[in-house]
Amino acid sequence: MTETQSLELAKALISRPSVTPDDRDCQKLLVERLYKIGFAAEELHFGDTKNIWLRRGTKVPVVCFAGHTDVVPTGPVEKWDSPPFEPTERDGRLYGRGAADMKTSIACFVTACERFVAEHPDHQGSIALLITSDEEGDALDGTTKVVDVLKARGELIDYCIVGEPTAVDKLGDMIKNGRRGSLSGNLTVKGKQGHIAYPHLAINPVHTFAPALLELTQEVWDEGNKYFPPTSFQISNINGGTGATNVIPGELNVKFNFRFSTESTEAGLKQRVHAILDKHGVQYDLQWSCSGQPFLTQAGKLTDVARAAIAETCGIEAELSTTGGTSDGRFIKAIAKELIELGPSNATIHQINENVRLNDIPKLSAVYEGILARLLAGNAV
């Protein structure tokens, strides 16, 4: 494919050092492009976060692309082979922070819209974009706030494509049609500090927690299902003691996380953890944080359309998967009937020398255009 508009727009976005939540006028650039083809733009800013809701049309179905203009910090700049905010073509790849996650996806959807509208100026339904500068950070003032606004006025989405990088080995090989929930615990096991030579005068929280830890790590939380792997429990941090070799610690801090399927619930997991701790007589304080519930789009029209567009452009059959971390899809699903995630390779996201394959860029734009054509122009699946 010789289409170069997507590459040029991706470069323009990457050149803006939009480290979360600083948008650096990325959204302004998108508005300038989309205004020319009939999109109305609504700024929905909260605190330091910039959000934009763009829409062309007033009818249904509404096909929405969701993305984020913010990027994670670069890490040590000297370790990059080229400056992270100077998009560089090298060895058949485009390098730069945000190349994969997710400025290329945004660029590809914008150019797909430009071509689609040129060919179908009176298309069915509406096209929308929900863009935030707060996905890589706390994600408190970004997509979730925009969803609240849209929900309050009854503005719903029929089909949503989140441009997260999803490809594993080649473009189009994987579509995310759901995500696991994420539930974290911050556990403080209480003991009594003392001299290590006099254990009878102390209570060692490491020892009292050990049997419960064994049971927690061996527990089968659920078996998963057709779309989700079994729920996983992982310890991320354990810390206790003063650093001295002759002091029994007074407290033990344990941080853990569940990635849970639709076979489990937040309340159910909490209850089971408390039951195990209580069973072993652990004295503790436990604080919980749930950053996202599991969600799923059953195989249906949107997944079929996306697979057809991928097959047409990439010549492969896409796999449906719910693996990986959380995304803003967890917020959007509250107002979206069907939602998928589809973007470039995730092999280098958040890494030094983040990149995408140059020949994947026009293909991804063509895939997005193919989805629009099938949903809003009556093209056969």
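The count begins at 1 with the first shown residue.
Even glycines carry a Cβ here, placed using N, Cα and C.
Under DSSP, His68 (Zn(2+) 1 binding site) is assigned to a strand (E or B) in the three-state scheme. Around His68 (Zn(2+) 1 binding site), the same-chain residues six or more apart in sequence whose CB sits under 8 Å from its CB are Met102, Ile131, Thr132, Ser133, Asp134, Glu135, Glu136, Gly142, Thr143, Asp328, listed in sequence order. Annotation source Swiss-Prot lists Zn(2+) 1 binding site at His68, Asp101, Glu164.
Swiss-Prot lists Asp70 with the feature active site, giving sequence analysis as the kind of evidence. Sequence-distant contacts (6 or more apart, same chain, Cβ under 8 Å) of Asp70 (active site) comprise Ser18, Val19, Thr20, Pro21, Asp22, Asp23, Thr132, Ser133, Asp134, Glu135, Glu136, Gly137.
Glu136 (Zn(2+) 2 binding site) counts 22 other C-beta atoms within 10 Å of its own C-beta, drawing on all protein chains shown. Residues or ranges marked as Zn(2+) 2 binding site by Swiss-Prot: Asp101, Glu136, His350.
In the three-state DSSP classification, Glu135 (active site, proton acceptor) falls within coil. Residues or ranges marked as active site, proton acceptor by Swiss-Prot on the basis of sequence analysis: Glu135.
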Quick note, Glu164 (Zn(2+) 1 binding site) and His350 (Zn(2+) 2 binding site): C-alpha atoms separated, nearest Å, by 13
Integer Å value for the Cα distance linking His350 (Zn(2+) 2 binding site) with Asp101 (Zn(2+) 1 binding site) is 8
Residues sitting within 8 A of the centre of the His68, Asp101, Glu164 CB atoms (Zn(2+) 1 site), not counting those, run Gly67, Met102, Ser105, Glu135, Glu136, Val162, Gly163, Pro165, Ser327, Gly343, Ile349
For Asp101 (Zn(2+) 1 binding site), the same-chain residues 6+ apart in sequence with C-beta under 8 angstroms from its C-beta are Val71, Val72, Glu164, Pro165, Asn346, Ile349, His350, Glu354
